[in-house]
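**Q** Marked as substrate binding site by Swiss-Prot: LEU12, GLN13, GLY14, ARG27, THR93, PRO216. Residues or ranges marked as domain 'Radical SAM core' in Swiss-Prot (evidence: sequence analysis): 18-216. For CYS31, CYS46, CYS49, the entry in Swiss-Prot reads [4Fe-4S] cluster binding site, with the evidence type sequence analysis. Among the features that Swiss-Prot reports, Mg(2+) binding site is placed at THR51, with the record citing sequence analysis. What Swiss-Prot lists as S-adenosyl-L-methionine binding site is GLY95, SER136, PRO137, LYS138, GLN176, PRO177, ARG178, ASP179, and the listing cites sequence analysis.
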Amino acid sequence: MTYRVKEIFHTLQGEGMRAGRAAVFCRFSGCNLWTGWAQDRPAAVCPFCDTDFVGTDGPGGGVFEDAATLAAAILAAFPYKTGEGYRPYVVFTGGEPALQLDRPLIDILHAHGCEVAIETNGTVRLPEGIDWVTVSPKAGTRLAVTSGDELKLVWPQQGICPESYESLAFTYLLMQPRDGLGDAGRGDAESEAVRWCLAHPRWRLCLQTHKYLGIP
């Protein structure tokens, strides 16, 4: 299988229950909910998307002809050797990573001692073997992934009721204030998310700490 990757980079996980953990991110190009082009944003399922996933021109990005080649590029992004008392953490994101992530790539990374995570919109079935699953549902879509480690809901999001996800088999329910609204809009989103979490204690507030820190 050929993989199209926007970028590969080493940073700290900024979101969710594993925030603060060092990881290599592999951002796949392409998504099934938006083309990524500005002129198509009004028709996108998630017009608030804040990610550039178009093309293969980012740092470490490119077209990789097979799983072994892509795995080698991911492993090379770690500034330390694998097997030094730490299990390397690889996060596949996008775009929509489930369109490209497959079992051969997962198996190679596992063979090198890596832990494999995915950040997905949940509309595409996942391959087996993923160690940590984060689903971020979008209004108007049907979930193909109804269980996992964390469900991360961007809020506010028109057309979604957070309580409708509480019966699904996720260990953690997270509410992430919507960005892309400007500083004032983000503040309002944070206030709404705080109010929801205070009134619904199954939910935890999830901030995008990497944006506050100014890291990728």
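Residue numbers in this text run from 1 along the chain shown.
Cβ atoms are placed via backbone N, Cα and C, with glycine included.
If you look at the structure here, what lies around each of the features I listed?
**A** Secondary structure at THR93 (substrate binding site), taken from DSSP and collapsed to helix, strand or coil, is strand. Contacts of THR93 (substrate binding site) defined by a Cβ separation under 8 A and a same-chain sequence distance of 6+ are given as PHE25, CYS26, ARG27, PHE28, THR51, ILE118, GLU119, in order along the sequence.
According to DSSP, CYS31 ([4Fe-4S] cluster binding site) sits in a coil region rather than a helix or strand.
In this structure, THR51 (Mg(2+) binding site) belongs to neither helix nor strand by DSSP; it is coil. The Cβ neighbour count for THR51 (Mg(2+) binding site), using a 10 Å radius and every protein chain shown, is 14.
Sequence-distant neighbours of PRO137 (S-adenosyl-L-methionine binding site) (same chain, six or more apart, CB under 8 Å from its CB) are ASN121, GLY122, LEU143, LEU151, LEU153, ILE160, TYR165, listed in sequence order.
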**Q** Using all protein chains shown, find which of the binding-site residues ARG27, LYS138, ARG178 scores highest when you count other CB atoms within 10 A of its CB.
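**A** Within the set of binding-site residues, the most crowded position is ARG27.
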**Q** Please report how many Å separate the Cα atom of GLN176 (S-adenosyl-L-methionine binding site) from that of GLN13 (substrate binding site), as a whole number.
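**A** Here the two Cα atoms are 14 Å apart.
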**Q** In Å, how large is the greatest distance between any two Cα atoms among LEU12, GLN13, GLY14, ARG27, THR93, PRO216, the listed binders of substrate?
**A** 15
**Q** Within the domain 'Radical SAM core' (18-216) only, compute the mean pLDDT.
**A** 94
**Q** May I have the list of same-chain residues other than CYS31, CYS46, CYS49 whose Cβ is within 8 Å of the Cβ centroid of the recorded [4Fe-4S] cluster site, in sequence order?
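**A** Everything else in range on the chain: LEU33, TRP34, GLY36, ALA44, VAL45, PRO47, THR51, GLY95, ASN121, LYS138.
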**Q** Using Cα-Cα distances with a 10 Å cut-off, which of the binding-site residues LEU12, GLY14, CYS31, CYS46, CYS49, PRO216 are near ARG178 (S-adenosyl-L-methionine binding site)?
**A** CYS49
